Amino acid sequence: MSKILAKLPTEMRGELKDPLGEIYTDTDELLADAGDPLVAVGDIVTYHLLEAGHRPAAAIVDGKTERERVERKVLSAIEEFDERIDVANPQSTITDDLLEALSTALDRPDPTVVVVDGEEDLASLPAVVAAPVGASVVYGQPGEGMVLVHVTDETQAECRDIIERMQSDYSQIESILS
């Protein structure tokens, strides 16, 4: 059973509405600026990358967009990944299973999709912490587009700080991601 290692407190919800990077509406422009490996968080973002001919090294999806089920064509495209890991991760949380799956996906030589039963909305934070410097993480910004986060020491520190300020067991999170 999954153990919740971080929970987003209500008072921090507004803070996470600000994008961590530049917003793109054109997938090709995003891909031209993205580092390698590329991690995608969200079904629609992953779908757009796949439609543009790019399979991210790791994708984290939950079968929903803005809490509604995604269209069948999106699910079908995502099912094309050769490697798949299924995890449970309740809304507004980060679980040990999600972190272990993210770490495993980044270590695999083949692109891997992590399918979340629950919600993946906070997964971009540990993805930035776990990805190597020089990589990129892309996630959806509802109603605006795709946010591209370049993984640097600074963006990792920013995401680490956000996770630490959540109701979290950061030492355990760090031990899984390192």
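Yeah, the Cβs are placed from backbone N, Cα and C, and that goes for glycine too.
Among the candidates Glu100, Glu120, Glu144, the residue that Swiss-Prot annotates alongside Asp43, Ile44, Val45, Asp62, Lys64 as binding GTP is Glu120. Counting only same-chain residues six or more apart in sequence, the Cβ atoms lying under 8 angstroms from the Cβ of Glu120 (GTP binding site) belong to Val41, Gly42, Ile60, Val61, Asp62, Asn89, Leu98, Val114. The DSSP secondary structure for Lys64 (GTP binding site) is strand. Taking the mean position of the Cβ atoms of Asp43, Ile44, Val45, Asp62, Lys64, Glu120 as the GTP site, the remaining residues of that chain whose Cβ falls within 8 Å of it are Val41, Gly42, Thr46, Ile60, Val61, Gly63, Thr65, Val70, Gly140.
Counting Cβ atoms from all protein chains shown, Asp43 (GTP binding site) has 25 others lying within 10 Å of its own Cβ.
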